[in-house]
Structures are given as C-alpha cells and as structure tokens.
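Enquirer: As listed in TrEMBL for this protein:
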REGION    1-31  region 'Disordered'
DOMAIN    122-252  domain 'Enolase N-terminal'
DOMAIN    257-546  domain 'Enolase C-terminal TIM barrel'
BINDING   GLN281, LYS458, ARG487, SER488, LYS509  (2R)-2-phosphoglycerate binding site
ACT_SITE  GLU323  active site, proton donor
BINDING   ASP360, GLU406, ASP433  Mg(2+) binding site
ACT_SITE  LYS458  active site, proton acceptor
Amino acid sequence: MISTARKTHEPLLASLEPKLPHSHPNPLQGIPQANTTHSSVLIRLPLSYPRYAFPFIRSQSHFARIAQVKPPPIELVNTIAGATPGSAPIPVDRRPKLNDRLRHRIVAASTYSDSKENMTDIVSITAREILDSRGNPTVEADVLLSGGAMGRAAVPSGASTGEHEAVELRDGDESHYLGKGVLSAVDNVESILSPELIGMDATNQRLLDATMIAIDGTENKSRLGANAILAVSMAACRASSAALKLPLYRYLGGVNACLLPTPMMNILNGGSHADSNVDFQEFMIMPVGAETFSDALRQGTEVFHTLKSVLKKKGYSTAVGDEGGFAPNLKSNAEAIELILEAIEKLGLTPGEDIAIALDPASSEFYNKETGKYVFKKSDKSERDSHQMADFWIDWARQYPIVSIEDGLAEDDWTGWQYLTEQIGGNIQLVGDDLFVTNTQRLRQGIEQKCGNSILIKVNQIGTISETLDAIELGRRFGFTSIISHRSGETEDTFIADLAVGTGAGQIKTGSASRTDRIAKYNQLLRIEEQLGQSAEFLGIESLNYSE
C-alpha cells in the first residue's frame, strides 16, 4: 500500500521535500551514519488540525514527511569539577531534551519552525560593569534565549555585610573605581560561566544554579564571585518568564502569587547607613492597618513627608542616607522613635494600630568580638553585654509600638538570641539578617536553637535564586516569616518586588519614599496590584505571624 502511494504521489513528494531557510540547519546534517537510522513514512494528516498543531498551516498540502532521528549514544561532558577537593567531576548533559531517546521532527513543505522545546535554550550570556545607587560598580548580565527572549538583571551590594555572606568579588585595583571595580566578575561571567551554560534550558533554574555553584567550587562563591553568579541566575529567571510570556511574579509563584507585601519603610537612617550620631541603622514604619498595598504605600509616604516637616521645625537636617531615609544628628537613639511617633500622630493616625515601628539596629556593626560587648560608639559610648543588650530591646518593646526587631544581637551571639527569643519572641517579630544570611545551614541552626522567628531574604547574600527559594521554604516549614529585602547599594532592577509577590512572603523592605532606586520597587508592586485586580491580597499586621 505504501509503495503504491509512493509511486502515485512521487511528483507531489518531490515538491514536499523540506526547504530549510539558511538560519535553520538541516536537523539530520552532521549526525554520524554509524549511529543514525532514518525512515521516511508518508502520512496523511487530518484536514482539521489539533490544537497542538504541526508547524505548517492548512493552506499548505496535508502531506508531509516525518523524519525519525535516533541520536548518537548519550555523551556526558565532565567539564565541571566537584565542589570539594578530590570529589568526582559533575556530569552535565548538554542535549536539548534530557530524557528523549527518539526525537521526531515534522517538517512542512515550504516552511520550517523550531519546536517550542528549544525556545528556552540559552544562546548567549553577556555581562557589564554598571553603577549602583551609591556610585559603586556592580555586575549586570543579559541572558538571551533561542526563542528571542532576553532577561537582564543587576546585582545589589550591601554596606553592612554579614561575615557569613557569599563573597562579592571586587578587583582591588586602586586605579579603577578606587579598587571597587567588578571587571574580574564580569570576565568570569563571559569567559567561564557562559561557555558552560550555553545550550542549557534556562527554565531549569535549579540545574543552572547548581552548575554555576559546581564551577565555582567554593562554599561562599569566592572564586567566581556571588555577584557574577547571581547576575546570571536572576537574568536567566527573567528570560524564562519572558519566553513563557508570564509576569516574573507569576513565573516564580504560579497561580497562587497574589499576596502583596506589607512594606517596611526606612524613614530614619543611622549606623553605617548615615554620617550621624545614631547607633542604630534603620528606623522603619509599617502601615499595618491599611487594607491594600496602595493604601499602605500612601500612608507610609505621608508619614515620611510629615517627618520631614517635623525635622525642619526642630532644626534638624533633612538630608537623606543611602536608603532614602533622613539622617539627622539626634540627641539620642530614642529620639528617633519619638520623632517618628510625632509625625504619625500629626497625620491623625494611631501608632501601633495604623502605623507600627520596625527596627534594624544591625547590632553586629557595634559589637566588639574581643570584649563581647555592644558599644554605642556613635552616641553615648555606653557598653552592654549580651543579656543587657537583649534587655534593652525588651524594654523598648514595652515602651514603643515596635512589632519587629532585625539583628537585635550580633550574628554569632547565639546565646543572646536564644534569650531574646525566649523573652519576647511570642509577640515581637525577631528577624535574622546577618544571623541567617539567607543560608539554609545557618537558618537550620537557628531553628534548632530557637533563635528568632523570621528570616530576612537578600538574594546577594547567598548568590542564586534556587538557594534563595530554599531558604524561604525552609523557614516557612518551621513557622518563620520571610521578609524580602533590598541592599543599601541598589539599582533600578525591580526583581525583588516580583520575588516578594511570587513567594507570598508578605513583607518587603526596600527603603524610604525617596530615591528612584527604592521607588522603582514600590512602583512595580503598584503595577502588580493593578494586574491582579480583585484577586490581590494584603495582610497588613497579619503578615507578622509570630511564633509562640
């Protein structure tokens, strides 16, 4: 029957031979004959094509060839060293489809189209040195996929960094940005990571990140730099969402991505974020009584502007610090809270009900490891031991409408953290930033020792999106809240806004109501709220789910 059909339709079959554009090489070309078998079978396609149609239109002939191509034996390329010395190399399978043994290509008579399975393969990775909000260099990366989608991401940088964070690679060349250049990290992206990642599926985020971690081969990403690895990880994630025509938050969180975060707005800066005599790094407000994110942002912004008038009236400077908050020289640390409460009440809002206070003293910055003392070196020079420092926060929590304290104790003061959590962990959110550094190993230790009840999430502390998501999930399983956070050195990149919604974190910390690098994140959240429409959710005070 087949031979008769071939004889009858020989002229038609000749006209249906695939004519491939120059941009698409013959899929059969280059396959070794010894390892390849071909069979051509004439089929008659139905006149009503299914939804998942072949890559040609009905106006074309309904005859086509199916080329069945059996690829050569699987070859695993062992180019990536193991993470520990002496360990076996990690195999990386570079085939477009990891599990296909037989690949079917259906080619139209006059047109050829790449199958959708290849649309998310990485075809190029480039990187460059750009500037962050403090005028310091940082890494930006572009990931281009085979389907034409492109993702771009820029990496933030912190001022107060935890000792256990992933390493940010700097050049150290004083003749280039005073030693803060990142050209070595840029080169690592283009000369080391790019050749290994090209051809991989960008949507396989976990494999992509694991490959980069293995190439680096260190626990803290000090060889290639967390800034190099994270730039590619974020850009690949964004490129994948673009290829699938999904908003980034929807790509990260699926159909359940509908929770807008309660903002923590840093309106008074001190510590290492400002040249002032205030020891504590951040004094924040949380509009916990608002019903929607847009209302919360409006209330927070109004408090910020009202605080400016309060400061002016008292003769204080209204210059802003790294994160957009005011950075005046005050008489004491407590005066910062008193000024914020005055601004809240001046608006007719109720402290603790409409607007609550959140703190990030960044205690590791004024902790003396040699003496084991906390030294208020910018204000009154007073010293406190671990329990005294914890008692200080307990006293403040009784006096003021404080709902959250971040890094109230130093990053390795586990005993102090246990005591503080035991005393007020049932009604105050105790956030580990330098304590946990978005690291599952550190977080697991905190869970076991009952230190804190919340984790601050900073993508550049750990260096990949996969590990970031792991930290959020681990905390969630043990009742820890998550707060998506910026860094003091930011860019216009809005990735963390989508991350907050995509993960349902419920809280975001991204600076004050000034400086475009901070406002960019808030504006992105407003757009997401608009896109979600009636399905958008906002929890307010309920986003602080304290552990008893």
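Yeah, the Cβs are placed from backbone N, Cα and C, and that goes for glycine too.
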Enquirer: Any idea of the Cα spread of the (2R)-2-phosphoglycerate site, GLN281, LYS458, ARG487, SER488, LYS509, as a max distance in Å?
Expert: 17
Enquirer: ARG487 ((2R)-2-phosphoglycerate binding site): which of the recorded positions GLU323, ASP360, GLU406, ASP433 have a C-alpha within 10 angstroms of it?
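Expert: Close recorded positions: GLU323.
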Enquirer: Taking the recorded positions one at a time (GLU323, ASP360, GLU406, ASP433), which has its Cβ surrounded by the most other Cβ atoms within 10 Å?
Expert: GLU323
Enquirer: Within a 10 Å radius of its Cβ, which of these binding-site residues (GLN281, SER488) has the fewest neighbouring Cβ atoms?
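Expert: Each of the binding-site residues GLN281, SER488 was scored by Cβ atoms within 10 Å; lowest is SER488.
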Enquirer: Using a 10 Å cut-off, grab the number of neighbouring Cβ atoms around the Cβ of LYS458 ((2R)-2-phosphoglycerate binding site), all chains included.
Expert: 26
Enquirer: Distance between LYS458 ((2R)-2-phosphoglycerate binding site) and ASP433 (Mg(2+) binding site) at the Cα atoms, whole Å?
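Expert: Checking the Cα atoms of LYS458 ((2R)-2-phosphoglycerate binding site) and ASP433 (Mg(2+) binding site) gives a distance of 8 Å.
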Enquirer: Given GLU406 (Mg(2+) binding site) and GLN281 ((2R)-2-phosphoglycerate binding site), what distance in Å do their CA atoms have, once rounded to a whole number?
Expert: 10
Enquirer: Between ASP433 (Mg(2+) binding site) and LYS509 ((2R)-2-phosphoglycerate binding site), how many Å separate their Cα atoms?
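Expert: ASP433 (Mg(2+) binding site) and LYS509 ((2R)-2-phosphoglycerate binding site) have their Cα atoms 12 Å apart.
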Enquirer: Pop the Cα-Cα gap between GLU323 (active site, proton donor) and SER488 ((2R)-2-phosphoglycerate binding site) into the table, whole Å please.
Expert: 6
Enquirer: Go through ARG487, LYS509, our binding-site residues, and report the one whose Cβ sees the most other Cβ atoms within 10 Å.
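Expert: Of ARG487, LYS509, the one with the most crowded Cβ is LYS509.
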Enquirer: Quick one: of the recorded positions GLN281, GLU323, LYS509, which has its CA closest to the CA of ASP360 (Mg(2+) binding site)?
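Expert: That would be GLN281, nearest by Cα distance.
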